[in-house]
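Visitor: Attaching a single structure in structure tokens format; questions to follow.
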Amino acid sequence: MSIQVHDTLTAQKRELVPLEPGKLRLYVCGPTVYDYSHLGHARCYVVWDVVVRHLRARGLEVRFVRNFTDVDDKIIQRANERGEDPIALASRFADAFHEDMDALGNLRPDVEPRVSGHIPEIVALIARLVERGFAYAPGNGDVYYAVRKFPEYGRLSKRNLDDLIAGARVEPGEAKRDPLDFALWKAAKPGEPAWDSPWGKGRPGWHIECSAMTQKHLGAPIDLHAGGKDLVFPHHTNEIAQSVAATSDGLHAEDFARYWMHNGFVQIDDEKMSKSLGNFFTIRDVLARFDGEALRFFLLGTHYRRDFNFSDQVLAEAERRLSALYETVEKAERLGAGVEPGAEPAFVERARAALDDDFNTPQVLGIVAEAFTEANALADRKGKKSPEEKARLAAFARGARAVGAVLGILGRPPAQALSAIRDRAAARRGIDGSEVERLIAERAAARAAKDFARSDAIRDGLLARGVVLMDGPQGTTWKVE
């Protein structure tokens, strides 16, 4: 087994070799919790959830840490607007974030540190940087990192200091020695949360927070650091500078994290998602209209490094495809019940290999689609199934569930999943499910009375509204086209 990942630091695909055999330490930058999470968060955290699932399925003991930033300028601004305590506001939105992640089927990290609970570690790390000459306190209560002291600054983002200096500036009130320098500690201001430090009361800057929490919960160096590609600069670039300067004499980026991975942006109908364009969607906006697993399935259809394009139409198509997968699993499990499954189907190992190759989820979904087509053909073949055919269907169902477990899909009983997906689709079309059930009962009575004209009229009337009836051994079910 060889797992290949695209490493942002080297801009190459590399074999993922943990520092300690059999164990992997992963840090993913979590959300700044000042509002409900948006589609960009959904895309990001589904990606890293699949990474964790696959690494564990491949036998690695993964320690997964993802933080909450609950001390930040945006949180303070939002809290002041609402007259709310900043930490309380952040806690409320952190709870909402958990609800959204649960709806998407994401596993919880092993550790979820919060900035507000790590102030002593942050202060100690800043003091270490001052002691080693990489940071300075100008005397106004702030502390800054001296960017030019770190020789590999910009290596991750492929930017040199000459390029950066053109866009750098000193804000009014800042006491930077160099426009490139960034804040590690900010002096207290009225109405803001503040903590004691050797430089006076204040609060941490954004970048130092993740460095401190990574070191506290994973040590240094770690194996893998991940997040959205918008974090490459300045956040991850600054994390490297801080963490390496505090812990290593070699001053190489690898002394903090051996591998860096980043996921692409979310676009809405081929435009960048933004509030100013009026195309900004929270996860809750989407989950009010679509099933959470359908959204997850949709997100997996684009390779994690590529930008992801969202549209209702394509999500609805993904929802239809997911329903078809569940229908096939239902048939395979029903027809293969009571027999010993046959050998593991070849598609399972092909799916593993695709995930080993930089977590190629679109390729996995293509492999799964081929396998499901074959299973459908076998399940729908007329006549009684032989013991061998039943064993093949049972093996397919077990393999489908195994691949689904790594992707975080196909984990529900088919009837439950199909009903949930159908009900969301019906609601979007203005279809009343209780009315459909009433008409199904009326149609059953008409058929029992041999009133086939009435039976056909009900079926055709529902079909005209996008409702397809399916008659089976257990009765009539329905779905929305």
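Keep in mind that glycine also has a Cβ here, set from the backbone N, Cα and C atoms.
Residues or ranges marked as Zn(2+) binding site by Swiss-Prot: CYS29, CYS210, HIS235, GLU239. What Swiss-Prot lists as motif ''HIGH' region' is 31-41. According to Swiss-Prot, the motif ''KMSKS' region' annotation covers 272-276. Here Swiss-Prot flags LYS275 as ATP binding site, drawing on sequence analysis.
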Visitor: Indicate whether LYS275 (ATP binding site) is helix, strand or coil by DSSP.
Guide: coil
Visitor: Please work out which residue of HIS235, LYS275 has the most C-beta neighbours within 10 angstroms of its C-beta, and give that one of the binding-site residues.
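Guide: When each Cβ's neighbours within 10 Å are tallied, HIS235 tops the list.
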Visitor: Using a Cβ cut-off under 8 Å, which residues of the same chain at least 6 positions beyond either end of the motif ''HIGH' region' (31-41) come close to it?
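Guide: For the motif ''HIGH' region' (31-41), the far contacts come to 68-70, 72, 74-75, 77-79, 89-91, 93-94, 96-97, 100, 228, 265-266, 268, 273, 280-284, 286, 310.
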Visitor: Pop the Cα-Cα gap between the residue listed as 'ATP binding site' and HIS235 (Zn(2+) binding site) into the table, whole Å please.
Guide: 22
Visitor: Can you give me the Cα-Cα distance between GLU239 (Zn(2+) binding site) and the residue listed as 'ATP binding site' in Å, rounded to a whole number?
Guide: 28
Visitor: Using all protein chains in view, find how many other C-beta atoms are within 10 Å of the C-beta of CYS210 (Zn(2+) binding site).
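Guide: That number is 28.
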Visitor: For the motif ''HIGH' region' (31-41), what are the DSSP-based totals of helix, strand and coil residues?
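Guide: Helix (H, G, I), strand (E, B), coil: 3 helix, 2 strand, 6 coil.
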Visitor: Which of CYS29, GLU239 (the binding-site residues) has the most other Cβ atoms within 10 Å?
Guide: GLU239
Visitor: Roughly how many angstrom lie between the C-alpha atoms of the residue listed as 'ATP binding site' and CYS210 (Zn(2+) binding site)?
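Guide: On Cα coordinates alone, these residues lie 27 Å apart.
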Visitor: Once CYS29, CYS210, HIS235, GLU239 are set aside, which residues in the chain still have Cβ within 8 Å of the Cβ centroid of the Zn(2+) site?
Guide: TRP206, HIS207, GLU209, SER211, HIS225, GLY227, LEU231, HIS236, ASN238
